[in-house]
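S.K.: Copied straight from Swiss-Prot:
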SIGNAL    1-26  signal peptide
REGION    134-163  region 'Disordered'
COMPBIAS  135-153  compositional bias 'Low complexity'
COMPBIAS  154-163  compositional bias 'Gly residues'
CARBOHYD  N178  N-linked glycosylation site
REGION    201-232  region 'Disordered'
COMPBIAS  201-211  compositional bias 'Gly residues'
CARBOHYD  N225  N-linked glycosylation site
CARBOHYD  N317  N-linked glycosylation site
CARBOHYD  N379  N-linked glycosylation site
CARBOHYD  N432  N-linked glycosylation site
CARBOHYD  N450  N-linked glycosylation site
DOMAIN    477-689  domain 'BURP'
CARBOHYD  N601  N-linked glycosylation site
Amino acid sequence: MAPPRHARLVAATIAVLLCHLPRSAASPSWSDAAVSPPSPSPQLCPMMQQRSVLPPRVSELPASPFTAKAAFVRYWNRKVHSNRPHPAFFFAKLSPLSAPDAAAFSTLAAAGQLGSRIRAFCAAASLLCPTTPGSSWSKSSSDGDGAAAAAAPAGGGGGGGGGGDGGAAPFKNYENGNFSSYGNSGGGGADQFAVYSSGQSNGGGGGGGGVDSFRRYGKGSQGRNDSFTSYEAGGNVGTSSFTSYNGDATGGAGGFSSYAGDANTVAVSFGNYDHTGNGRSREFSEYTQDANTGEESFAAYGKTANGAAESFRTYGNHSNSIATGFDNYGDRANGAADAFSSYGASGNTPENTFKSYASGSNAGVDDFKGYRDDANVGNDSFTSYASNANGAAAGFESYGKSVNPGSVTFKGYGLGSNPNHRIGFARYSGDNTTFKAYSNDGVEFKEYQNMSKMEVSKIEAAARRPPLRWSPEPGKFFRERDLVAGNRMPMPDIADRTPPRAFLPRDIAAKIPFDAAAVSALFGAAPGTAMRQVVSSTVAECARPPSRGETKRCATSAEDVVDFAVEMLGDNVVARATESTAGGGGDVRLGRVAGVPAGGNVTRSVSCHQSLFPYLVYYCHSVPTVRVYEADILAVDSNQKINHGVAICHLDTSDWSPNHGAFIALGGKPGEMEVCHWIFQGDMTWTVAN
């Protein structure tokens, strides 16, 4: 019996589609298989001999029409009418959720029960989620290079024993995102932890973009010497927390060499160092040295310790646009000898807060050498120094000796009812300064200078300016005149070092309140953790009012990104990004340079930048009066093409801060010059199509 007419029509339609699919193009379900896709039969394709038909785009042929990715393909085709190929860099970020998973998680989100399956959700949707402590690492389970812990279940190893038998417990490398415990309750011997999350480019727990957590090191140990060499150094987007280091320890000596040094965009916290320790000498060498942008905090150092000799060498020095907070140093300690060498020195536009130093201590010898010296503008406050101390001998050498004026406040120095102390303050200087209160008994105040009342020439100020270690990387900003064929110029490292994540389908993203508390609760980001800081920072930036002439939106789904671009520019749009990271970190030569749209006229664009969040969130803003360029990037020695870059030139910089990195790198002032930069990996710019 002949098949029904509608069945014949369906079969004919399938045959035509197969004819239009070239042999080299495979659907996603075939691309993972070990066999080649079936070729259409010549008998089914008489029209192939008569005319050539453009093949459909691969992204239009998903394995299942019900997946989140397939739904977005249809959405794009309805909204964007520029008839351009789908941008591969953008479509690679789409949700990998299968149709059943997307439906199940959407139902849970609608019922407010997504948290009950959060681990499965994170894994299936390719999200960034805090790790959960797994099995403990011990000396017997590792050869010292971290291999055993790295192979432990997701969430990182513990370190319960840490060589509690009195021997040395070296631990050289650890690259996962969570470490529960190391060297607790050990007796005698020495602990050594060399490297934790050092400068990985990206991935789940690396210093390049991981969310690292170290919970406890050496708690309750007796007579053990310990050292921690490096924690999340050299990374990009450092997001880490260290909860406790040698709490309740007795005897021995401790050292922490470096924490989040040379990091970019930090959100780091250190909870407790040698809390209630007894008779220990310890040193913390560097904390977020040479960091660029972000927030950092240190909760307590040597609090309620007994007979301790403590030193903290540098905190946030040579950093750019860092908001720092140090809550507690040596408070209520007994017989302590404390030294803090430098805090926020040579920083650019810092926001520094130091809340308490040696308050309520007994018979302490305290020394603080420098706070925000040689810094450039910014706002700083120091709340309390040796307040309510008994028998204290304290010295504070320098506060607020800045290169350029900032707002600095010192609220209390040596205050309290007990006059049995000897305290000296060597120098307090700066513009816009206030010193609210200090004890009149037993306190020697040598010098207070208000720089606005002093005649300091620009030449003298420039002469004492230190080298700008926080200057932007060469090539990060440049002038429009540099975009000419044949020009040799430095290319910055444009690699995306944030952890890999995917968009959520809009159907799910819309059911998650874009609120710091709600997102943190859902993904298990506890207060005080790095993930909580990251979430709060992103939500706050999205809530910031736009600048003059700027229209901004935080897009929590791929559909939101498309909607904003179409709303700003119309439906004839194209998304562009720099093709790869080739050439970054060295000199390159420019090949063909072309303005987009054609002619390089002044235009309006939409730029979208990744924000650090559990799932992909883009900060998109419509920027008026720009020019956008495409350029072939060539190797200097061979003139061979190695990359294809996209650059944007901002023609109106009048609302930019005078301390913006572009003016530090190029000179000039806001409104007096244009500033250009490459579109970094992971970011994108939208313009009207040619």
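Including glycine, each Cβ sits where the backbone N, Cα and C put it.
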S.K.: If we count other C-beta atoms within 10 Å, could you say which of the glycosylation sites N379, N601 has the fewest?
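M.R.: Per-residue Cβ counts within 10 Å for the glycosylation sites N379, N601 bottom out at N601.
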S.K.: Do you know offhand how many angstrom separate N379 (N-linked glycosylation site) and N601 (N-linked glycosylation site) by C-alpha?
M.R.: 41
S.K.: If you run the three-state DSSP split on N601 (N-linked glycosylation site), which class comes out?
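M.R.: Once the DSSP labels are grouped into three classes, N601 (N-linked glycosylation site) ends up as coil.
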S.K.: Find the average pLDDT over the domain 'BURP' (477-689) in the predicted model and report it.
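M.R.: So the average pLDDT across the domain 'BURP' (477-689) works out to 94.
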